[in-house]
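Here is what Swiss-Prot records for this protein:
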BINDING   H127, D150, D154, D242  Mn(2+) 1 binding site
BINDING   D150, H152, D242, D244  Mn(2+) 2 binding site
Amino acid sequence: MKGYPFLDKANAPFVDRHVTKAGEIFYPWDGKRIDGFGLIGAPLSKSSISHSGASFAPTVIRKCLHAFSTYSVEEDLDLAQLKLTDLGDITMHVTDIVGSQARIEETMTKLLENEQNWQPIVLGGDHSISFPSIKAFASAKGTIGVIQFDAHHDLRNLEDGGPCNGTPFRSLLETGSLVGEHLVQIGIRDFSNSYPYRKYAEKHGVKVYTMKDVNARGLLTILDEAVAKLKRSVDVIYVSVDMDVLDQAHAPGCPAIGPGGMDSTTLLQGIFHLGKDSLVQGMDIVEVDPTLDFREMTSRAAAHVILNYLKGKCIKSIG
């Protein structure tokens, strides 16, 4: 305020002139051409088979981006050179789950058709949003491969509960949007799945890496193997990150927490590794419930997933 140099608006944050916050490099979409990466929220969680406030996640993850800088000390790289788009959120129907999923598919399909250079980063929401999002991605991009980080197969039958957060990949397989041989599941965890769904995955040619595999072989080795396999038969790769792939100590704000999961450093290294591959052109982050979280730990981890993905893409562009 003029004449009062030390008076500022209420709750004004501290500002360091030499620090750019990650949230500052995402600009609201002006409706013009999107050239590169862009966030879009899909705040649907009514389709969860357990209590979930994941519909609040897009807002909180965006907020958490402001908690971190754009500079990677590990790679001596500043993401501030990027201009990224935030397309906002897809409006969900208050009561209609199938209708909400249809809105996601319609919006994503139109955007991917009209904005062919757009590489989406979709913020769920529960994992049910991956079905319409990936279906739209496949429609626009041709033959796709999917790398799924998850504690669960998410191949539940559709008869018992309909299209919920436990069915996205079954829906993709049964609609023909995705071929089983083009789906790689990483981080599948003990006592979090059932035998019939493991057999379903095997029957359809889904490649499954359990946490035992990750611990024994290392995530980067597994990712190199998975990407090499997919590159022989797909045009692009989409990465779906269910945050419950992380151990409950690292992601307390997931509806389906459990022990024996991945640590956050391993996941972030894997996401960075995938980001460096030009075939990887889309991603979603799901199953973050801010109402269950502790000090926004899970939302902050999700924000770091975004930053490490973009770091990989930035390394690729200058390398």
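Keep in mind that glycine also has a Cβ here, set from the backbone N, Cα and C atoms.
Remember, it's a predicted structure, so these values are computed and weren't measured experimentally.
Overlay of Swiss-Prot annotations on the structure.
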residue: H127; record: Mn(2+) 1 binding site; Cβ neighbours (10 Å): 33
residue: D150; record: Mn(2+) 1 binding site; Cβ neighbours (10 Å): 26
residue: H152; record: Mn(2+) 2 binding site; Cβ neighbours (10 Å): 25
residue: D154; record: Mn(2+) 1 binding site; Cβ neighbours (10 Å): 27
residue: D242; record: Mn(2+) 1 binding site; Cβ neighbours (10 Å): 28
residue: D244; record: Mn(2+) 2 binding site; Cβ neighbours (10 Å): 29
Indicate whether H127 (Mn(2+) 1 binding site) is helix, strand or coil by DSSP.
helix
Environment of D150, H152, D242, D244, the listed Mn(2+) 2 site - residues of the same chain whose CB lies within 8 A of the CB centroid:
H127, Q148, F149, A151, D154, G187, S192, M243, V245, A256, E287
Centre the Cβ atoms of H127, D150, D154, D242, go out 8 Å, and tell me which other residues of that chain have a Cβ in range of the Mn(2+) 1 site.
S130, Q148, A151, H152, N165, P168, F169, S240, D244, V286, E287
Taking Cα atoms as reference points, rank the binding-site residues H127, D150, D154 by distance from D244 (Mn(2+) 2 binding site) and give the first.
D150
Please report the DSSP secondary structure of D150 (Mn(2+) 1 binding site), reduced to three states.
coil
Alpha-carbon distance [H152 (Mn(2+) 2 binding site); D242 (Mn(2+) 1 binding site)] in Å:
9
